[in-house]
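Have a look at the structure below before the remarks.
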Amino acid sequence: QGAPIKLGYVSPQTGPLAAFAEADKFIIDGFMAATKAAGLNYEVVVKDSQSNPNRAAEVAKELIVSDEVNLVLVASTPETTNPVATTCEAEEVPCISTAAPWQPWFIGQQANPGDPASWKPFNSVFHFFWGLEDVIAVYTNMWGQLETNKKVGGLFPNDGDGNAWGDKAVGFPPVLEKLGYSLNDPGRYQNLTDDFSAQINAFKSDGSDVITGVMIPPDFTTFWNQAQQQGFKPKVASIGKAILFPQAVEALGKNGHNLSCEVWWSANHPFKSSLTGQSAGELAEGFTKATGRPWTQPIGFVHALFEVAVDVMKRADPTDSEAVIAAIAASNIETIVGKVAWDGANLPPFAGKNVAKTPLVGGQWRLREGGGYDLVIVDNQTAPNIPTGGKMEAIG
Amino acid sequence: MSDHLSASSWTVSTRTRGSAVSMLAILALVALAFAAPLFVSRSVVQDLFFILTMLVLAQCWNLLAGYAGLVSVGQQAFVGFGAYAMFAGVSLLGMDPMAAIVLGGLAALALSVPTAFFVFRLQGAYFAIGTWVIAEIVRLSLAQWKALGGGTGTSLPSGATRDMVGVRFVADLLGVRGPQATDIVCYWLALLLAVVTIGSIYKLLRSKQGLGLAAVRDNREAARSVGVDPTWTKSFVYLVAAFATGLAGALIYVQKARISPDAAFSVPDWTAYVIFIVVIGGIGTIEGPIVGVIVFYILQNMLADYGSWYLLILGLIGILIMLFAPRGLWGLFADRTGAQLFPVRRILAGQPKPPAQTQDIRGSD
Amino acid sequence: MSWLDTILQGILLGGLYALFAAGLALVFGIMRLVNLAHGDLIVLAAFLILVLVSALGLNPFIAAAVALPVMFALGWALQFLVLNRTLGKDILPPLLVTFGLSVVIQNGLLEGFSADSRRISAGALETASIQIGPISIGTMPLLTFLSAVAVIVALNLVFYRTSLGRAFRATSDDSATAGLMGIRAERIFATATGLAMMVVTIAALYLGTRANFDPTMGPARLIYAFEAVIIGGLGSFWGTLAGGIIIGVAQTVGAAINPEWQILAGHIAFLLVLLVRPRGLFPRAVD
Amino acid sequence: MALLETHGLTAFYGDFQALFGVDIALDEGETVAVIGANGAGKSTLLRSISGLIRTMPGQIRFDGREIGALAAPDVLQLGIAMVPEGRRLFPSLSVEENLLIGRYGRVGNGAWSLDGIYDLFPVLKERRHQPGTALSGGQQQMVAIGRGLMSNPRVLLCDEVSLGLAPVVVRDIYAAFPKIRATGASIVIIEQDIGQALKVADRVYCMMEGRVTLSGTPATLSREDIHAAYFGAHAR
Amino acid sequence: MPILALDQVSKSFGALKVADTISFALEKGEALGVIGPNGAGKSTLFNLITGNIRVDAGTIRFDGEDVTRQPPMARCLAGVGRTFQIPQPFEKLTVFENLLVAGAFGSRKTEKEVGDRCADILVETGLYPKANQPAGSLGLLQRKRLELARALATDPKILLLDEIAGGLTEGECQELVETIRAIHRRGVSIIWVEHVLHALNSVVSRLVVLHFGRVIGDGDPETIMASRDVREIYLGIDV
Ligand SMILES: Nc1ncnc2c1ncn2[C@@H]1O[C@H](COP(=O)(O)OP(=O)(O)OP(=O)(O)O)[C@@H](O)[C@H]1O
Ligand SMILES: Nc1ncnc2c1ncn2[C@@H]1O[C@H](COP(=O)(O)OP(=O)(O)OP(=O)(O)O)[C@@H](O)[C@H]1O
Ligand SMILES: [Mg+2]
Ligand SMILES: [Mg+2]
């Protein structure tokens, strides 16, 4: 058997993004148990990015240079995935990344993000997740279920996600226009803004029925409260990132009811782990049992990251980077988040090589009797194999 | 007073007994460091790069706070600005990264001129806050620069660092892969920058300007009365520190190859850690930051896996040292042993003239 | 009407910043102590209120009232045991010690409460508002602003109408001579920091109910607080309120032009004020 | 036994020794003057007593207690107030506030109140709301004395209260001393003006270079003795 | 042409007038004494002459040139040397370095060029044994000597001395007087503020009396000392 296969894993375990990594230990423990049971010899070197892009780049370099890992895995938000992937690309070390929409990942690593002609594919880094086109489709499908005036207010911050979502070429604006929605985008605000009266005034005077955007939780809370205070009550609010985690929705008190968001993964997704054979429900339940906390969406993707890694390593000599890279490119595997294959399906040609897409559906947070919220899948037009749990409802 | 210059035989020197020995030791150490990539592993080179770049930042901050009394909490402005200028040079102008590093330094220098104009209107604590606000403004402004990714950030064109001047040569010479050769070239640049920075600071401190700087720090009013121009003296130091900080920032980001406003203008990474390094080692000495950066590196390696405990302990150590050993570890050591690697004291030696010659001015008792 | 609303919202926002800044102004004015941990202390107080709310099921306002004496004691001890040792001619020791303290508090909170963002629930008040003509004013922002004014009035009363306030000013002027009057400077300083922590608690109440907070968000607000204090002029509480309002209005007006300008506009307003008046709007006659 | 006495009092500023074994005594109700040249150590003596400079515990006794090691606020609480050299009014406080601050560490309910001070120095009443530093030097000195009295001290230490004041003003200030004595307070004054000192004091100490070189009642001291004690043997 | 001429110089701190239309001139090589009660504005007058404080009104001419608007650095270079009443040493520098700063900056020379002269001044002022000690470690007397030494190091044409004899013993005072006389003999003009009158009067040939920021007397020491104002206001002798 010889030396163990060394995987390096970077995620934001501390700092503001720590919620994304809360299942890391649970998943890696499960991964080690499963591989051992299967007679495989793996070692995982875990590094904490501290939610800091500088630190993420440093630890990636450490993984490559000191730990000499065979493959780097990285998850959660462009702030973590991009510095790590950039480092791996420069070092010609294979890297698989996930849990960030592919545009901020791919375009965000281009030298001149503003000039599509200059974009180049990468050699050794790969990403699987959904993209903006998916979230746009999911959101507009959800909105389509309701009667609205098709006026949309956009809240896009000046960060990796916000710039991609609001991008005039690849983001929301062109698609919404095509579908007959009018988008009111007042401009990029900075994260941790204390006042949204400018946006609220703009949406109010426009009479927007729909609000969308990709916000960090504190900003959405600030916005949503202020909107209610100012008497601005849209029918739909579909917000990325901010209401990903149940705690963030609970922080809104009763005002979180019927907020909608994209669903990357849920306990009801009809997929199984290729590694442990667990269903999505079983994985989620295992997590809750182990930690006493409710399941969250990133769990499935972190698990899938390790599934892909094992699958790749089965098909290549772990010590041969070229071979590993080739094996990643040739992947075609059913994971707990669905099929992962870098086959260029549903992607523009420039991203086809490095990006694989997973299915995305839409959900709404529903206030449970006796407190707490449930995430109910309300739209599956983009992935009919994922069952819905209800229909889209307008906010109060 | 010309008659006073005649007979006496004074000598003034800054050397101490051990200083020639320590100079030799330092030279040997630098030579060793230069040769290091030949016999140490890549990860050691990597760590040394980190140590050297942090050392440059720490020396610059120490020059400001320790020698000029300018407590800045906005040095990240120059790190980030230098780094962004380097990115602009490489990505937008197609420059070689090596040249773009120089561009980064110059850009930071250029930024420091209007900045100095503003912050030198403020005193003490106001100065500190002023520098911080300026850094925020620079960060927010660069976050609007769409060509370099705005708030998202951007990466260097893949291959840019591999095509950097000298990398191919080093790769062939040492028989290493491209990325490793890039690391080695960056390391040598960091070494060069650190040596030149320390050397220049040392030279500055031993020069007339350094003396004036010390006088201004000790007593501004008295300094003005003996002909020292405090504003000019401080501005000069501020500009020099900005230039070196910008170079270091650009170099650090050549190595990282990815930039975003939050990363490049990070207060913890480029100012907080730097302050800890200086405080732990000992403020107001050249040796202090050197000791500090080594201790900091060891602490980071020992504690980095403990997440927030690491920072918590670092914070506590900083507080304790400030309260109980305000002159830092090097201060403790130097107080016990009197050791000095970089002496700047002007020691007067020689004999006063025989009393007969001073008769005319002292009078008889 | 839109501009009126923009400015009004800016003024209300300025109340929040002034509240953040008032404690800072007190400590800065009396001891020349630049407390870089101020933002983190606000977050700490917010967590204290949160714990009281969730553990005892208290109404947040009552919880804040309970937290007031606790924070006073904490501030008193902090100043008496630690910060008093750093006071002197040199501004560096207090700066560095409070900086270390900031790191310690942040990471201590991270250990204790994780990085999750939290919120103190104020129930229906959160979204309530008052309609005045075409403009609606959020009840919470209004309460925040009124609290800021109340805090400023209270601080002014304490500072200028009580014997404690006289002792504050006297000690600030000349602590050795104050000692001759029977004033124990260390305790006066400790009391000042204790008071500042009470203001911090009030600020924390509004920070915590307004939006989510997490252990690392202190410094982001600290800079606005410093700006408010400096624009206002050392030791002037009304100046601090004015400073907060200037920054708040600059932000909302900047945002109305383009949200990209929101935060930048606040900082630029700060620069402009200082360019014209390097010692702030209402500097004290003697320094 | 004397109310306040020093035994072999020594005092240092860092390495510099300013007092070399000073013995003085003050009885209840008595007024004592300390005279001496610039730098003789007079202010240092008062600073030591008032706790601004810490000394050996046993070197100063007040009312039977050793107070040498006490800090200034503790000394004040025992009933010793000081009017410091150079007045040292608090610039951020108004005249009235400067007076009120004197009451901060007040010991007991004695004779002195705001009204009492305004009776003593009527001119202060008119200017009560002005900043202390806006007053003329003489008025400032009145505030400083009033501030010292507000704590109703048993002993009032006055350091050069007539320094740099016009003679008329000096007369006004000295006119107040009998009234202060009438309340039973004991007083130590430091005075450069020897004539003035001899007029108000029951006893006089003369200091030079950190030592007491002469003491006695005004009646027993000749001008020549004082002059010798003042300038040392080589006086011109 | 006088080396220094003040014309109607005024300065107030708030309501407090510390210099009130002061005018006088000093000839080259003259030694002038300034006396007056504490707080009369003597030190302030020095600060106005050196530029550490800006005048509110009036002009100051030095060596024929109007220096009213010049900063202290420029006036120092032009030849104004001063001591501070409360000594202001550069505490972390050694005594010798204190002089080097003054020498190098105050006369626009290199350290090398002024080293010897600074050392000689140390000997002259009796500070030589302390040359390599930090100035912060000096006692008050030596700090005062250092003030004088540092002022001399700038190679002044005029020397402003602020109460440097206070607190000296008789013998030390005598020594100081000799030193100042020697400096004076080399052609340096002197203005000396001093309360130790016998020392002052053994050096100066003219006295100016300040009171509440006004010049109330200007003349030869004998007449001034005998004048009614001075006896009343300054000496406190009953007339
Ligand atoms: N803070 C200080 N640091 C060092 N030395 C000091 C300090 N204060 C006073 N001295 C020195 O101590 C000695 C005694 O000073 P003190 O002030 O007691 O004299 P004094 O008799 O009150 O003189 P004066 O009449 O000038 O007020 C003097 O030599 C003085 O220079
Ligand atoms: N920077 C300042 N701000 C306000 N007032 C000042 C300032 N400097 C001096 N003063 C005041 O100006 C007056 C004159 O002070 P100055 O120091 O010139 O007196 P002086 O004649 O030198 O007295 P002394 O003999 O005690 O040294 C004093 O009342 C003093 O308090
Ligand atoms: Mg005295
Ligand atoms: Mg004076």
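Positions of Cβ are set from backbone N, Cα and C atoms, glycine also.
Note on the transmembrane segment (B:20-41): residues 48, 174, 184, 187-188, 191, 195, 340-341 of its chain, located 6 or more positions outside it, place their CB under 8 angstroms from a CB of the stretch. The transmembrane segment annotation in TrEMBL covers B:20-41 (among others).
The transmembrane segment annotation in TrEMBL covers B:48-70 (among others).
The transmembrane segment feature in TrEMBL is assigned to B:76-93 (among others). Remote same-chain partners of the transmembrane segment (B:76-93), defined as residues 6 or more beyond its termini with a Cβ less than 8 Å from a stretch Cβ, comprise 57, 99-101, 103-108, 111-112, 115, 131, 134-135, 138-139, 142, 145, 147-148, 154, 156-157, 160, 241-242, 245-250, 252-254, 259, 261, 264-267, 269-271.
Feature annotation from TrEMBL assigns transmembrane segment to B:100-119 (among others).
Away from its own ends, the transmembrane segment (B:184-205) comes close to residues 30, 33-34, 36-37, 45, 48-49, 52-53, 55-56, 59-60, 63, 67, 98, 101, 164, 166-167, 170, 174, 176, 213-214, 237, 240, 244, 247-248, 251, 254-255, 286, 342, 344 of its chain (Cβ-Cβ under 8 Å, at least six residues beyond either end). The annotation transmembrane segment is assigned in TrEMBL to B:184-205 (among others).
Within the chain, the transmembrane segment (B:236-254) has long-range Cβ neighbours (under 8 A, six or more residues past its boundaries) at 53, 56-57, 59-61, 63-64, 67-68, 70, 75, 78-83, 85-87, 97, 100-109, 111-113, 115-116, 120, 156, 161, 164, 186, 189-190, 193, 197, 200, 204, 209, 213, 264, 270. Feature annotation from TrEMBL assigns transmembrane segment to B:236-254 (among others).
Summarising the annotation, TrEMBL assigns transmembrane segment to B:274-300 (among others).
The annotation transmembrane segment is assigned in TrEMBL to B:306-326 (among others). Outside the transmembrane segment (B:306-326) by six or more residues, the chain places 275-276, 279-280, 283, 296, 299-300, 332 with a CB less than 8 A from a CB of the stretch.
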